[in-house]
């Protein structure tokens, strides 16, 4: 008879659980958990400790569909979710597009092409893809499987080993820093986007009030690198001095003297640039509205934000390759310098770019995967998303260097003279090149709209990471129903913290945060995550978890990478980062020592969470000796495992019958009324008697 059977003993000591009604899947059911089962007289059985474990809301939600996040009455889409408490993606395309939007960000456009040409052109592709295969994809798969198995954000997943929960807090700190300054970059892109809505781009000529005598526009003259100027000295004597003109482009002066009104020092904040402040507000409002219903709303938005940038890239590519000099720029980008492969710096740059561009150790991958259905094939997703991210970087290089080659040809200089990276490429070099094109405002609108969408795709996940971590950690019914208010609170806090970055010294602080807040701290966090899962929790346990979730264990290649290769590469990146460290500069400005010290404090603020929380956990863990406390603090908590009872099979299966003291009365099914409606994937249903 269906119901009343017992399952295998749990591997976690102290976990007591109840037997419950179990529905036998019909032949039409492709995966466990895809059939909706309801009982005429539902019986809710929980084990002792479920109240504090975070699993109780999930159990209640399975029997009480009226409870959903944000307090809304469940829609038809919500009713199809496996996890009614947290919700799931509407479909798997939404998850893939969101993850692509998260991984493919501004760095793919303004950092990778520059690294490629600086490190040997096409030869750089070899170490780049080697690092992708041995480090990027394995780490990506690990984080996706980690979040999907537990259906928890970057804090909740550390039930796997509570002593290392500080890793999750470190991820939250990193995401906070990045979310603050990343939206400022988006707001600047918004500003340029609005400024492009004109007949003549404001950075095209040197006849504006903010321009200096050194300004020389590419539309006014060409080949202005060298020049001569007569100067009269001592009465009748005149000399002709040949000198090098210090050309300042109108786009650079527009950026430095008009948009930023850049101060002379990081400590001289000056005034808040009100136009940038307004654009920052617009940016945060857009992010909040897109996340107002969590993944249910953002999952719909990414159909546009994650795909349209590829349309724009293709349009710019087609336009770029038709320009004179474009081939020279592309060859400069791709021509291999094979001797560079022997340089450690090239391999270090390749490893760092893979690591940072995929968004590993930010917490976003764990968070996005936590909204997947339990049996989703995240192995397939990790390969698709990682390769898409890297292919986008390579493709963006063609777009960037075709235009830069055209500008270099127009000016009569080498491509290296116009190539740049970071904000210098996005807001100075590329906008200047666009002024040379017919209908330049149109191309400018497309370019900055693409930057906005690329930035928003990453920003969505950064904000959702923080919100999900807070909601999962508190875990009570009130905060589950008020998740929208949590999202609003985080967005308002992010806006307020971003205001100093819109001041005249804002760009100094933005680059300081970019260089220190998410640099070596990410490497440390990722390394500790690998070690804690593979060697503290145990690689065999984790491989069994993945097999239970996916139906197959991780391939041998990934097992080897997780245990040996990827940690070694991460350690190499850490050593490389330390060896290659140089004090931060912006153009010719050298940051003062106190500013660099603040940068190091930002970097340490995320890493320090790990030992501090470990010490806290040791102090609150039972044990007669330090070794016993250490053992108890690192073993999985009893609520570690799949969030839903229907997925807690094998060593996670409930085994014992609870008593009424556990919080719920156990009532037997009435043999005449126990019917199970089996709902198929196409919406059809049939009733099956529970008796054999």
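The count begins at 1 with the first shown residue.
Including glycine, each Cβ sits where the backbone N, Cα and C put it.
Here the structure is a predicted model, which means the values were calculated and not measured.
Annotated topological domain 'Cytoplasmic' per Swiss-Prot: 1-94, 617-692, in sequence order, evidence recorded as sequence analysis. Feature annotation from Swiss-Prot assigns region 'Disordered' to 1-34. Residues annotated as transmembrane segment in Swiss-Prot: 95-115, 122-142, 174-194, 272-292, 301-321, 346-366, 393-413, 436-456, 492-512, 516-536, 556-576, 596-616. The topological domain 'Extracellular' feature in Swiss-Prot is assigned to 195-271; the stated evidence is sequence analysis. For 657, the entry in Swiss-Prot reads phosphothreonine. Look at Swiss-Prot and you will find 659, 684 tagged as phosphoserine. Positions annotated as region 'Essential for interaction with EXOC1' by Swiss-Prot: 681-692.
Using a cut-off of 8 Å between Cβ atoms, the transmembrane segment (174-194) and the transmembrane segment (516-536) share at least three residue pairs, counting only pairs 6 or more apart in sequence. Touching of the transmembrane segment (346-366) and the transmembrane segment (436-456) is ruled out by the presence of fewer than three CB pairs under 8 A, sequence neighbours closer than 6 excluded. Within the chain, the transmembrane segment (393-413) has long-range Cβ neighbours (under 8 A, six or more residues past its boundaries) at 108-109, 112-113, 116-117, 125, 218, 222-225, 313, 316-317, 320-321, 323-330, 332-333, 353, 357, 419, 425, 429-430, 432-434, 436. Within the chain, the transmembrane segment (301-321) has long-range Cβ neighbours (under 8 A, six or more residues past its boundaries) at 94, 97-98, 100-101, 104, 290, 327, 330, 392, 395-396, 398-399, 402-403, 406, 437, 443, 446-447, 449-450, 453-454, 456-457, 460. Proximity of distant same-chain residues to the transmembrane segment (596-616), defined by a Cβ-Cβ separation under 8 Å and at least 6 residues beyond the stretch ends, is recorded for 163-167, 169-171, 173-174, 177, 512-513, 515-517, 519-521, 524-525, 528, 583-584, 633. Within its own chain, the transmembrane segment (272-292) is flanked in space by residues 183-184, 186-188, 190-191, 194, 259-261, 298, 301, 456, 459-460, 463-464, 467, 484, 487-488, 491-492, 494-495, 498-499, 502-504, 506, which lie at least six positions past its ends and keep a Cβ under 8 Å from the stretch. Counting only same-chain residues 6+ beyond the ends of the transmembrane segment (556-576), those with a CB under 8 A from a CB of the stretch are 131, 134-135, 138-139, 141-142, 344-345, 348, 351-352, 355, 520, 523-524, 526-527, 530-531, 533-534, 539, 543.
Averaged across the topological domain 'Extracellular' (195-271), pLDDT in this predicted model comes to 75.
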